[in-house]
Amino acid sequence: MKIFSKEQIYKGDKVTEEQQSLPPSELMERAGLQIFNWMHLRMQGAQVPIHVFCGIGNNGGDGLVLARHLITHGYNVEVYVVNCGNSRSKDFLTSYDKVKDVSKKWPQLLKCETDFPDIHRDDIIVDAIFGIGLNREIESWIKALFNHFKASSAFTLSVDIPSGWFTDKPIEDNEGVVRANYTLSFQSPKLIFFLPETADCTIQWEVIDIGIDRDYLMTTETEYELISKNEVLPMYKPRDKYAHKGDFGHGLIVGGSYGKIGAVHLATRSVLSSGAGLTTAFIPKCGYVPLQTSLPEAMVITDADTNKITAIDFDIKPDAIGIGIGMGKFPDTVSALKAFLKNNKAPLVIDADALNIISENNDLLKLIPENSILTPHPKELERLIGEWSNDFDKLKKASDFSTKYKVLVIIKGANTIIVYGQKKFISVTGNPGMATAGSGDVLTGIITGLLCQKYNPLESALFGVYLHGKAGDLALEEYGYQSLLASHIVDYIGEAYIDLFKQPEQPQQEEVEAENS
Ligand SMILES: NC(=O)C1=CN([C@@H]2O[C@H](COP(=O)(O)OP(=O)(O)OC[C@H]3O[C@@H](n4cnc5c(N)ncnc54)[C@H](O)[C@@H]3O)[C@@H](O)[C@H]2O)[C@@H](O)CC1
Ligand SMILES: [K+]
């Protein structure tokens, strides 16, 4: 699912109005009606007090359309206009007049803190104060209103975006924003729903389709895209009945040091479980017996050294290599990595200590083959791209790094983000149970396994992150957040594949209502 920028959303409105020859404020009518339908379906006329707070722009206009439908359907609704300026939008005014047609009661005008209504914890707050048009710092009395919402503990439903948040930059005052229970977002989710520093703006979200021009939506390239089953399913390569193991490539995992052979085991097993035909691990001698014993399907090549990697020499021809897992940063290992990068021609997944070595030896960056996949966790990322001031800055720096060195960067986290030049893909699979030792080694293994099977680097990164997250989600059902181990994620890679062909994932999107057509 595409994540449109604020500018693209405004443009989409215009294109739609032209293409569909819409009368003024028709899109606002659709928006308000859709929100009403959503609430009506769940509330079925329940007389819970609903407080609809409207700003004076189009977000407020949406709120007024919603309020009008709530009133005509007999809901217990109170409407407020948060009088935050003088420039009421044209469509807001149209919607304002229409409220008058259905109620003798004018919306209450709020101008300062003494105007705030009492809100009970069992009431419902509709937040239609600011939408994507927020463009400056908010006055303190409006921030106080947001805190009044919070203090009430009432369920807060935000229209389009929780008020006070910008779509494309951080907020300055953490207290001066609405934190929604649920956000109904028009046409596309907002980027802030997925970034660590801003994702607490809403607990849940859903996309509401207001019938924006299909061609525009299909043909407009976005900087951000969500990756879920619908997006990865077309990448899947079915197997031919007469296929043999040679068709699925030979994966190599290079890593390990004394005390860290388990990491190589996890990665190697993941290469196999994601479908590579053959898999070899290149490790120091100390790992030979444990790995051969615990993972009979894998082949093992050992370094001359017992405890660490000192020279990466092998006589196999791997189709993809995952390197860095549990490898350490011993001087000999650094030299070995340098020599390896100078000679290597195979597609690479670079992880863990290999990334740390590279970040401390910047000259190695130019030796990384084009389209290599780097899988840093936050600390490793910081060592590579430098410190960032906020999540938006982090994404910009990661994009610039990816563009400059022509590599894919996978920013691991609650919503893992795959950076491919200026384009970013956000994964929606995965859960906090996966924040556990070895989880990253499994990801490296899965991506290496996909590269072996001739998925291209971008597909391998996207599909790999999806499978890893999905396997973790499926394993969670059996093990729970606390007991989920990285090896359980490997156990569920097969289930994650099988799940691709089960019931399609429900898009987080309401169907287009007949009224929109
Ligand atoms: N395709 C879509 O997504 C559609 C979006 N619509 C709604 O339109 C909204 C955008 O509307 P607008 O562009 O009118 O903007 P908003 O309604 O988001 O609010 C901004 C308004 O408040 C003012 N303002 C901005 N920052 C302020 C501040 N800090 N303090 C006080 N006033 C401030 C602005 O001058 C503007 O009048 C969307 O969020 C959505 O709710 C719908 O009405 C129609 C279709
Ligand atoms: K809002």
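Glycine residues also receive a Cβ, built from the backbone N, Cα and C atoms like all the rest.
Taken from TrEMBL, the feature domain 'YjeF N-terminal' applies to 9-218.
If you look up TrEMBL, you'll see 58-62, 131-137, D160, A263, G326, H377, D441 marked as (6S)-NADPHX binding site. Mapped onto three states, the DSSP output places N135 ((6S)-NADPHX binding site) in coil. Around N135 ((6S)-NADPHX binding site), no same-chain residue six or more apart in sequence has its CB under 8 Å from its CB.
Take the CB of S163 (K(+) binding site) and look out to 10 A: across all protein chains shown you find 29 other CB atoms. Summarising the annotation, TrEMBL assigns K(+) binding site to N59, D127, S163.
Model confidence over the domain 'YjeF C-terminal' (228-500) is summarised by a mean pLDDT of 95. For 228-500, the entry in TrEMBL reads domain 'YjeF C-terminal'.
Other Cβ atoms within 10 Å of the Cβ of A414 (AMP binding site) number 14 in total over all chains. Residues or ranges marked as AMP binding site in TrEMBL: K412, G413, A414, N415, T416, G440.
Each of the binding-site residues G61, G413, G440 was scored by the number of other CB atoms within 10 A of its CB, and the lowest score belongs to G413.
By the rule that a residue counts when its Cβ sits under 6 Å from some atom of ligand 2, the binding-site residues N58, N59, D127, S163, A414, T416 yield N59, D127, S163. Same-chain residues that are not part of N59, D127, S163 yet have a Cβ within 8 Å of the Cβ center of the K(+) site turn out to be F53, G55, G60, G63, A128, I129, F130, G131, S158, V159, D160, I161, P162, G164, V178.
Each residue in H377, I411, I417, S427, G430 lies on the same chain as K412, G413, A414, N415, T416, G440 and has a C-beta within 8 Å of the C-beta centroid of that AMP site, without being one of the site residues. Taking N58, N135, D160, H377, A414 as the candidate binding-site residues, the subset whose CB lies under 6 angstroms from any atom of ligand 1 consists of N58, N135, D160. Cβ neighbours within 10 Å of N415 (AMP binding site), excluding its own Cβ and spanning all shown chains: 19. Within 10 Å of D160 ((6S)-NADPHX binding site), as judged by C-alpha distances, no binding-site residues are found among K412, G413, A414, N415, T416, G440.
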